[in-house]
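Visitor: Below, the features straight out of Swiss-Prot:
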{"type": "MOD_RES", "residues": "S2", "note": "N-acetylserine"}
{"type": "BINDING", "residues": "33-34, 68-76, 94-99, 123-124", "note": "S-adenosyl-L-methionine binding site"}
{"type": "MOD_RES", "residues": "T168", "note": "phosphothreonine"}
{"type": "MOD_RES", "residues": "T183", "note": "phosphothreonine"}
{"type": "ACT_SITE", "residues": "C269", "note": "active site"}
Amino acid sequence: MSVQLTPHFGNVQAHYDLSDDFFRLFLDPTQTYSCAYFERDDMTLQEAQIAKIDLALGKLNLEPGMTLLDIGCGWGATMRRAIEKYDVNVVGLTLSENQAGHVQKMFDQMDTPRSRRVLLEGWEKFDEPVDRIVSIGAFEHFGHQRYHHFFEVTHRTLPADGKMLLHTIVRPTFKEGREKGLTLTHELVHFTKFILAEIFPGGWLPSIPTVHEYAEKVGFRVTAVQSLQLHYARTLDMWATALEANKDQAIAIQSQTVYDRYMKYLTGCAKLFRQGYTDVDQFTLEK
């Protein structure tokens, strides 16, 4: 039976189309809105974000002239880096109008013979062959019911030697949680409800076995998994510190309510990563 899937435009735009100026108050200059990788302890946030992008792209065996699909491309930092470092063609997918506009301007200013496109659409509608796929911090938005379709689409899009790098926040299974001594507290339940209602509507965190199960079901092999758990705690700490330092501007751009909401989100999530209630992993998938 054919299933017609419509991308979650509303859920994504509710978060990412808040205001580019607001996000600039706490993100680094590349506007990378995902876990950084502090390869060295003395790295700035910007250096650590580029290190994370390099870590992801370095797992894809990119070669000049290949076409890289970036699913959930954000403000385009990964595609820019891929063009500059690996000399590839890029296609970015985003459901955010603000992000699509920002990326298009960036592309227009780049001096490269490589093709570069940003599409205001989801992976659900994408049907072009590409050589490699990267997806950083987008899988969390898809919802459990779409996992099978996501892996089907990405597997079909790639060639026989294709690779995908999937970077996503994950949660422990109940068994893993018990083994770690994690308990389900009222505080955790309330914070989770807050995140799903006010920050990432429609969001859902997979477990590591879930990613394996759905990826392998369509023919992918998961050849590597790398955790960046404490790197995300540090990233969130730095975002919260930057937002707090720009409190007056944040309130002027948005409101006291939005500022308070984001401080609660950033500090609360940092705590979850430190305690092990959440993790973030890079999965290398091969056909």
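One is the number of the first residue shown, and numbering goes on along the chain from there.
Note: Cβ is positioned from N, Cα and C throughout, glycine not excepted.
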Visitor: For N98 (S-adenosyl-L-methionine binding site) and T168 (phosphothreonine), what Cα-Cα distance in Å is obtained after rounding to a whole number?
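Guide: Rounded to a whole number, the Cα-Cα distance is 22 Å.
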Visitor: Between G72 (S-adenosyl-L-methionine binding site) and T168 (phosphothreonine), what C-alpha distance do you get in Å?
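Guide: Cα-Cα distance, G72 (S-adenosyl-L-methionine binding site) to T168 (phosphothreonine): 11 Å.
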Visitor: From the Cα of T168 (phosphothreonine) across to the Cα of Y33 (S-adenosyl-L-methionine binding site), what is the distance in angstrom?
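Guide: Cα to Cα, Y33 (S-adenosyl-L-methionine binding site) and T168 (phosphothreonine) are separated by 12 Å.
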Visitor: When you measure from the Cβ of C269 (active site), which residues in the chain that are at least 6 apart have a Cβ under 8 Å away?
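Guide: Set apart from C269 (active site) by at least 6 residues yet with Cβ under 8 Å, we have I195, Y232, L236, T278.
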Visitor: When DSSP is mapped onto helix/strand/coil, what comes out for N98 (S-adenosyl-L-methionine binding site)?
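Guide: Looking at the DSSP assignment, N98 (S-adenosyl-L-methionine binding site) belongs to a helix.
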Visitor: Please report the distance from the Cα of L95 (S-adenosyl-L-methionine binding site) to the Cα of T168 (phosphothreonine), rounded to the nearest angstrom.
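Guide: Rounded to a whole number, the Cα-Cα distance is 17 Å.
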